[in-house]
Every structure is written in structure tokens, then in C-alpha cells.
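*Asks:* Here's the feature list from TrEMBL:
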- 66-70, 138-144, D172, A272, G343, H396, D463: (6S)-NADPHX binding site (BINDING)
- N67, D134, S175: K(+) binding site (BINDING)
- K433, G434, A435, H436, T437, G462: AMP binding site (BINDING)
- 17-229: domain 'YjeF N-terminal' (DOMAIN)
- 237-522: domain 'YjeF C-terminal' (DOMAIN)
Amino acid sequence: MSAATLNAMKLVTAAEMRLLEKRALESGTSFGDLMHNAGRAVASEICGLFDSFPGKKALVLVGPGNNGGDGLVAARFLNDAGAITHVYLLAPRDPGDLVYNEALEAGISPIEVESDAGFSKLRELLGEADVVVDAIFGTGLGRPIGGASAAALTLVAEARNQRPDMVVIALDLPSGLNADSGEIDDSTLAVDYTITLGYAKRGFFLFPGADYTGQILVADIGIPDGLDDDILSEVIDEHDVLSILPLRPSDAHKGSFGKVMVVAGSTEFIGAASLVCQSAARAGAGLVTLAARQSLHPVFAAKLVETTHLPLPETAHGEFASEAAEVALARLVKYDAAAIGPGLGQSPDTVEFVHQLLSGISENTGLVLDADALNALSLTPDWWDIFNHPAVLTPHTGEFARLSGLSIGEILANRMEICRKNAALWGKVVILKGAHTVVASPDGRIAVSPSANPGLASGGTGDVLTGIITGLLAQGLDEFDAARAGVYIHAMAGESVRNNIGDTGMIASDLLIQIPRAVKSIKEHDHASCH
Ligand SMILES: NC(=O)C1=CN([C@@H]2O[C@H](COP(=O)(O)OP(=O)(O)OC[C@H]3O[C@@H](n4cnc5c(N)ncnc54)[C@H](O)[C@@H]3O)[C@@H](O)[C@H]2O)[C@@H](O)CC1
Ligand SMILES: [K+]
């Protein structure tokens, strides 16, 4: 997670980028200006990567379209900045092409692939380049990359392996990376930096593409302000989270920060309930109560000292008794938010208990549904027609598949769009967990986690997320704010643990103390930036 480069990063599809370009043209900016700004901004970002740029060797690989055009402009500015600059043309440019002619006038002599038998010149240039720019294809790629372009990209990858100090830059996006879905071409380069134009593309936060972009830098290409109000997808950033975090007045009492009820746990899954309760408290809830089957009470009472308890009636077999939901609902009216599901199990009595709970819960209670509550919902066809209560749902891919009826492959192929569509269909805020977790609101907004941390792929980390979000809901945040702030805080907590102990062997309990630290750091960052 690199907050400095990801601040206020909106995410666009290729179609949205074309729309923004069209609006910019309609508002009086010329295409030539946009391309000029793009090339200049890219060159300026590249210069900024080196302590001293004059004398460096730059090689720009130029394709047939506007991405190549941007590359030609960038080459001219790199040349002006003192780099020894070569342009390698993978397709002929139109003789009347303005940016091509400007590059020639600047003294750059492009090398054409047709006259470079066996890529001997390209190999020679790759043997000495300090920086290579992939300006072969951008958002206009229409089919798999083949021929000379594929061969050239493969040669760059080979050269990069031999010379790790060579910096490889993608202009707008690594050629072959699909801006919408994150799919890649066989020859897509894994670059060090992607200098993207105007807006980051959705595919940078979807896999496999997310592994290919390197650090993402957004270049300002002069699209006028105010044209992007209907772009509803963004990467969650610290400033957003700061602006939505609840204030903590000094004369607060525990009622000020809301009450959370956690309905979770079973004989098999004791830890899930503990993690949810502790993380809700660590996220700042004033009071946390655990409602669990009464036979589990002694265990939880010993483990959770700050939590209060509502033992629920159970049958002789240790299942929820038929009046258990009524007991929970009677108490729930005094609570601001509830988390239902983690570790409850999936027995028929439990499913019935969850259904009764969901059909009786008040509209005023903020609700997070996770794990077995989601599994119980999935058993009812078109459950969203019946269950109208606003809620945050936190499925991982398998749970999402059960809720939606889609296959895991279909979901993974386009996580952002699938999450957006289903949030709208279901009328819920939906968190699709995974690397770069996606949060979608029924109104079309999407917020994506800046973090992909394999350390979080272990049992219980999802329970921690559920607890954080419920704790934030209890403090008065709405569902979408609680979800995106919760995802960000959870990601930061995970990054802190990874920084301390690495990504192997991280356990969910490690995250707990990092939750308030993450909140503190977000608040202090603002303090620091104000002075
Ligand atoms: N959207 C914007 O506001 C701006 C976009 N610009 C640039 O424009 C780019 C998009 O430009 P284009 O639409 O020209 O697209 P590209 O430059 O990505 O490439 C399209 C060209 O490649 C050809 N082509 C597509 N797939 C191919 C394949 N597999 N093999 C061989 N040739 C193939 C097409 O026929 C076309 O000539 C962006 O990525 C960006 O770099 C900038 O110039 C400035 C402003
Ligand atoms: K490119």
C-alpha cells in the first residue's frame, strides 16, 4: 500500500476513459493538447525517478496508435531533458503524423522494425538502456498481441532479467493488460512503474493485471475539473477514511460510541465469535455483547472479559432452541448494530434461527452479515426479494458464488463489475473479500482496497473485518462508509503485521491491537499534513 501515490485515485474502464476524453474535447481541449500533456507528463515522471537524468539512455517502444503517439511525445521530452533517446517503431507511423514529425525535428531517428533483421539493433539497445518505455498498446488493443510487438516485449522481459537495474515503464498501461478486467496478454510485461494517463484503470486492481503494473503513478493530462463526477469507482484512501471516521468527544461515555451485538460461534467455531467481539471493541464500539448458545457461555465468559453476554436458549442437543431468536431480538432493540454469522454453523436449526432473526430485526439496527448468515441466506432462492433490511454483506468468493448462483470462475473474471451489479440487485453494501477487496454500494459506487496481502489469507481475518465494520456502524457510520473505512483499517492493520513479522505465519489475533494503531495513524497523518 503506497498511500502517497494512491491518494484520491478514481478508477475508470476503457469506455469511461474514452467518455472523459470526449468530454474534454467538447469542453475545448484539443486532442493534440491531451497527447502533448500526456507525453510531457510521462517524461517528467520518468526524469523524477532518477537523481540525475542527463546522459541516461532511454528507449521508447512505439506502437501504431495513440499510445505510440504518447510515446513519441514522451521521447521528445526525454531527449530535451538530456537523455540519449532512441525510438523503436513496431508499426509504421503515418508520414503526416504530427508527433512523429516533431520527434524527427527534435533529432530523434526512429528505428523501424522492418529494417532491423533479427532484432539485432533492438537487442543492442536493450543491452545498454537505463530506462525502457512500453508505448506499444494502450486502451485500444483489440486482439492478442502477435508478430514483432510480441517478440519485442519478450526481448524486453529477457533483457530485464539479465539487467535488473534497467527501469521498465508502461505508458498508460502495460501493453496487453485489459483496462476493464485485468486480464493480460501472453507477452504483457511486468513493469516497474505504470505511468497512467488521467485516471488509473480498473484492471490495475484486478488479477492477474495487478501483478504487472509495478508502482502506479497517475499523470495529469489536463482533463478539465468537473467532468468526472459520474465516475463512481475509486481506490480507498486515507483522506476519505479520515473524513468518515467518527469523532471522539472528550466528555464521551460508553453509550456515545454505540452498542454492538455479535451473534456468532458454535462448539466447533469458538474463536470466530471472540475475534468479532474483540475487533468491534478495538474499532471503538462502546459496548459489545455476545449472543451465543448458553452451553458456550462459560468458555466465552472466561475468554472475553470486556464483552457482556446474552446466553441463548438451546436444545438438549446443543442446537438453538425455537425461542432463541425471540430472546435475541428482544435484546437487540437496545443495540445500534449487530454482526450475525461467524462460526454459527449450518445445521437446520441454526439456519432457521438466522432466518427468524433476519425477519424480525429492526430497520434501526445496523447489520453486518458474514459466513454462516450468508450461507443461510443462500438457501432461499431470490433471497434479496424477501430480505429488505439494509446491511453490509462480507462474502469471500465461495460465499459470493452461493449468494449469487455464479461460478467462482465467473466472479474472479471480473470482481469489480460483478460486485457492483450484485450490490445493486441485492440492495446491499457488498464486500467481495480477497486481494484488493472490492466494496460496492447499491447506488453504483465502488471502493477498492489499495492492499493485496497474502498474510491475510488465513482463518479468522474475515471475522476481524466483520467486527471492525460492525463497530463502525454502531458509531453511526452508514453502511458504505463503515464498509470502506473498515476495509481500509483492516488492510492497514494487516500491513503493520506484515511489516513486523512478514507474510508467513500471521494469525488473525495479531491484527487486533493493530486496529486502534491504524486509526491513530490515520488521524495523525492528517495532523502531520496540516502543519
Ligand atoms: N483517452 C485519452 O484521453 C487519451 C488517450 N491517449 C492514448 O491513447 C491510447 C489509446 O489509443 P488508441 O485507441 O489509438 O489505441 P492503442 O494505441 O492502444 O492501439 C490501437 C492501435 O493498435 C491497433 N491494434 C489493436 N490491437 C492490435 C494488435 N493486437 N496487434 C496489432 N495492432 C493492434 C489498432 O488497429 C490501432 O491502430 C491510450 O492508451 C493513451 O495512451 C492519449 O493520446 C491522450 C489522451
Ligand atoms: K503501453
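Including glycine, each Cβ sits where the backbone N, Cα and C put it.
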*Asks:* If the criterion is a C-beta within less than 6 angstroms of any ligand 2 atom, which of the binding-site residues N67, G69, D134, S175, H396, T437 pass it? List them in sequence order.
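*Replies:* List returned for ligand 2: N67, D134, S175.
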*Asks:* Check the binding-site residues D134, T139, K433, H436 for any whose Cβ is under 6 angstroms from an atom of ligand 1, and report them in sequence order.
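*Replies:* By the Cβ criterion, which requires under 6 Å to ligand 1, the hits are T139.
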*Asks:* Sequence order is fine: just name those binding-site residues in N67, D134, S175, H436 with a Cα within 10 angstroms of H396 ((6S)-NADPHX binding site).
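*Replies:* The binding-site residues close to H396 ((6S)-NADPHX binding site) (Cα within 10 Å) - there are none.
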*Asks:* Which whole-number value in Å describes the distance between the Cα atoms of H436 (AMP binding site) and D134 (K(+) binding site)?
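*Replies:* H436 (AMP binding site) to D134 (K(+) binding site), Cα-Cα distance: 25 Å.
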*Asks:* Whole-number Å only: compute the distance from the Cα of N67 (K(+) binding site) to the Cα of D172 ((6S)-NADPHX binding site).
*Replies:* 7
*Asks:* Note down the number of other Cβ atoms within 10 Å of the Cβ of A435 (AMP binding site), including every protein chain shown.
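*Replies:* The answer is 17 other Cβ atoms.
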*Asks:* So, three-state DSSP: helix, strand or coil for D134 (K(+) binding site)?
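*Replies:* In the DSSP reduction, D134 (K(+) binding site) maps to strand.
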*Asks:* Taking the Cα atoms as reference points, how far is A435 (AMP binding site) from D134 (K(+) binding site) in Å?
*Replies:* 26
*Asks:* Name the one residue among D134, G434, G462 whose Cα is closest in three-dimensional space to that of D172 ((6S)-NADPHX binding site); these are the binding-site residues.
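*Replies:* Closest by Cα: D134.
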*Asks:* Please find, for K433, G434, A435, H436, T437, G462 as listed binding AMP, the greatest distance between any two Cα atoms, in Å.
*Replies:* 14
